[in-house]
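Working notes, structure below.
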Amino acid sequence: MYSVVALGGSVVNVDKPERIKETAEILRNGLDSGLKICVVVGGGPTARRYINVARNLGTPETLLDEMGIAVTRLNAMLLGAALGLHDLHVPETPVEAARIVRRNGVAVCGGTHPGHTTDAVAAMIAELLEGPLVIVTNVDGVYDKDPSEPGARKLRELRPEELEELAVRAELKAGGSFVVDPLAAKMISRGQIVTHVVSWEDFRSRGLENVVRGRHNGTIIEG
């Protein structure tokens, strides 16, 4: 069974080496259970620091995208090292990532193209592999509005089209934020990708082999 795991930069963070070790162990256990895994790593706080400094220096937005992608690839190399993949080649496109997973059973990558978030890249790879997508984030699932707002309600299940609608609505709202960005939500909806949105704590306690089968406390997105 193929599975794609999107890890936010808050998970693979150079300031939290123990979390990187734990993440690698969870992924190794998933591989040992027979899963074939592609991991897509975000840039997180490190990318934001570089981008903020560069933006203040007047750097064009396209180059800022490239800087962010470079950081995600460094994070991918770091996680690959934690997995013992010392000859790791970081794929540069979703097609290449899918090809490596089919051949080797595992791949670790970061961003690929300017304007494409790592969650969107993960969704593209999941579509190619026809496997479930797991998004590990800093909230415990998808909410009907910003979780910090009073009355916000966690959604246990929803359809891909509903996810896309929520993501677009959050983007249009001033200061709004959503656990899945609009581009990734669009990719999930287009490909009708079974998606599990879980917190890091849930991911750690349940293990990947349980999460991909819906045994978690997060949100399941399925058509």
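Cβ coordinates come from backbone N, Cα and C, glycine included.
What Swiss-Prot records for Gly9, Ser10, Gly44, Arg48, Thr137, Asn138, Tyr143, Asp146 is ATP binding site, and it gives sequence analysis as the kind of evidence. Its Cβ placed at the centre, Thr137 (ATP binding site) has 22 other Cβ atoms within 10 Å.
Marked as UMP binding site by Swiss-Prot: Gly43, Asp65, Thr112, His113, Pro114, Gly115, His116, Thr117, Thr118. Taking all protein chains in view, 27 other C-beta atoms sit within 10 angstroms of the C-beta of Gly43 (UMP binding site).
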Chain-mates of Gly43, Asp65, Thr112, His113, Pro114, Gly115, His116, Thr117, Thr118 with C-beta within 8 Å of site centroid, UMP: Gly68, Ile69, Thr72, Gly111, Ala120, Val121
Subset of binding-site residues (Thr112, Pro114, His116) lying within 10 A of Gly9 (ATP binding site), CA to CA, in sequence order: none
Which of Arg48, His116, all binding-site residues, has a Cβ with the fewest other Cβ atoms inside 10 Å: Arg48
